[in-house]
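Lifted from Swiss-Prot, the feature list:
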- 35, 36, 37, 38, 39, 84, 85, 115, 138, 175, 292, 316: NAD(+) binding site (BINDING)
- 117: active site, N6-AMP-lysine intermediate (ACT_SITE)
- 410, 413, 428, 434: Zn(2+) binding site (BINDING)
- 750-833: domain 'BRCT' (DOMAIN)
């Protein structure tokens, strides 16, 4: 009689056979196992693992089915940023891209790796010692969301690498997508079941991967292609991009079979034509092709510009287009007051999506196209994502149409719509008095990346603003549980009579009588159900609501108490979050982070003249002027004062960056003022002769010319200084420069930090400060704060609920610091919270 196989051996054999089948199906595209046989093996493995739970493993194929839902995704900071790519839309742009590389590297015909640009969701997969440990979305490039549980359900993604020789840490970047045939089959199944269909494969992939319940993701037909690597440690990879892709394929990752190595611009353009011709017949959606310099040494030599590499570019296909009719042109007011014209369209299918609205960008664009109500227009999904009106079919224009004009008044608040000189965008002048701007400002202020007020949704923000209880974002910190309960009852009631019936159950008789008087005051006939104005809710909310003493025993209050607690929690924040939350035009997360790192103090930032902001890398004139305009407004300064007075606390204030010592000078101020003809060279020349704007005026034209400054430059400078507002700005900028320099630590204190050259890792939750704040303070002392533990880690800071990083640090003999030791160390070196 044959002995039964050992369960551990059988489980191991089943896992290997199933993963081999996955590899042959998804990577090699050479399926060698029938679906029925695959299902039979999977069922046997599931049964064995249930019978022997001690043999369970995270990398088992059975773990792809998904787990219970999470409440939200955790943030993941990418060790290396997931950069975006520059775009090319013409052959000339591609030729120019190749020319720049050829000249820089002195190579006539450089080699490129060319590949399709999949229309899916970019992700990063982290492997340690060959095992999948974490997966994250791209997010903003610096920080993504942990979607590891969902990625485990994607069969094309290996849970353990094949072969050998992988680095200890390997981060693989790629695209999760939904194949066209799988998308159509899924939608057909949903229609048959009466379920919700997906709009298009791209949205299907992105939405599936961001499901909080991984069991839902497991039911979606997702796949994956690898296109590169991120962090790599303790291991070597080939020195060309194409060879790296070949190595990834050998380790078990699917790589597009359409990847080719081509030479020069002719090779790139020929590849573009081949892929474009085959586009409609591909098994997946693409919106262009990507060209990457194949040689890694050349990539390092080319480097990066802003948030994109100089050695790679995306060559986009022309957007898909359809014709339809303009039914109306309306104005939308954004949170910064921008008045954007939007075309309301007769519904039309464009690139798999029903489009009913399309942006017209601005009034100048409407004038160029001469778009009119009633016109037949060409609608294009720019980048296959954002619908826009691309052209007017003039010969189909009906008679009697009229040229469109920008309205003179805001459609929301009635304030004047104005346009600054030289600007394309019109804006509502109502600023914070405009409900449209207030609502958008509140949405932005409480968002996750800003003040992170959990539980305050868009609909309730509208109720808050409409009620008049909050007129500025600082009013959030005055709200009470009773006010929230009152607003919820009004906003959800079907009629004022229903609201009063509900209120009677929860109010003392005197308070109820007061409420009844308010309802009658807005014109509601309480004797019957008639004569109820459609706007009764908004009217009552605006009527100045009394504060009622609700009977907490009879009404559900937990949601309101949780919201108040979330508002209270948001009082403690960081400078970069606070700056981002203000909603300053052109100031995104990266700019807010840079401002925080360079200046370190809200009081300093809010009083700086705009030219000094240009000293921060990647902040140009437009962003600097936007910052200056924002802080010049008395209403905005009052809003900041209100927030601080109502308990908002910025916990990571620190001295300005020592880099400002070299960046700031009289010459730099001259350069940044945007004075006509005063180039950086002329600014240095002027600063060598005088040391202040007052001295410039005193010196006069002759003295400046004798110092070698050309007469046209001197004339332009003195003419600029003749305007009082320019003189005031110049003097303020120089005074602010001196203030900043005076606040810098002494030069001899900046030579080295106590942690220079040391790598530190933080894990767990800290009580006294956030991990971001701890990271900034450690970096200020010279440390490099990493995301993973290795033999090179100097010490690990372990907070509450420290996880696997603590275990790994202990196994490697890495020194462990508790929060108390960290705080003492920071205090000893001037970085106390």
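Placement of Cβ uses the backbone N, Cα and C atoms for every residue, glycine included.
Across the fold, the C-alpha of residue 85 (NAD(+) binding site) and the C-alpha of residue 410 (Zn(2+) binding site) stand 37 Å from each other. For the binding-site residues shown (85, 410, 428, 434), fewest C-beta neighbours within 10 angstroms: 85. Listed in sequence order, 112, 113, 114, 115, 228, 241, 299, 311, 312 are the same-chain residues at least 6 apart in sequence whose CB falls under 8 Å from the CB of residue 292 (NAD(+) binding site).
You'll find the Cα of residue 410 (Zn(2+) binding site) roughly 41 Å from the Cα of residue 117 (active site, N6-AMP-lysine intermediate). Residue 413 (Zn(2+) binding site) has a Cβ environment of 17 other Cβ atoms inside 10 Å. Counting Cβ atoms from all protein chains shown, residue 117 (active site, N6-AMP-lysine intermediate) has 21 others lying within 10 Å of its own Cβ. For the domain 'BRCT' (750-833), the number of residues in each DSSP class (helix H, G, I; strand E, B; coil) is 29 helix, 19 strand, 36 coil. A separation of roughly 38 Å, to the nearest angstrom, links the Cα atoms of residue 413 (Zn(2+) binding site) and residue 138 (NAD(+) binding site).
When the alpha carbons of residue 117 (active site, N6-AMP-lysine intermediate) and residue 138 (NAD(+) binding site) are compared, the span between them is 16 angstrom. All protein chains considered, the CB of residue 138 (NAD(+) binding site) has 20 other CB atoms within 10 Å.
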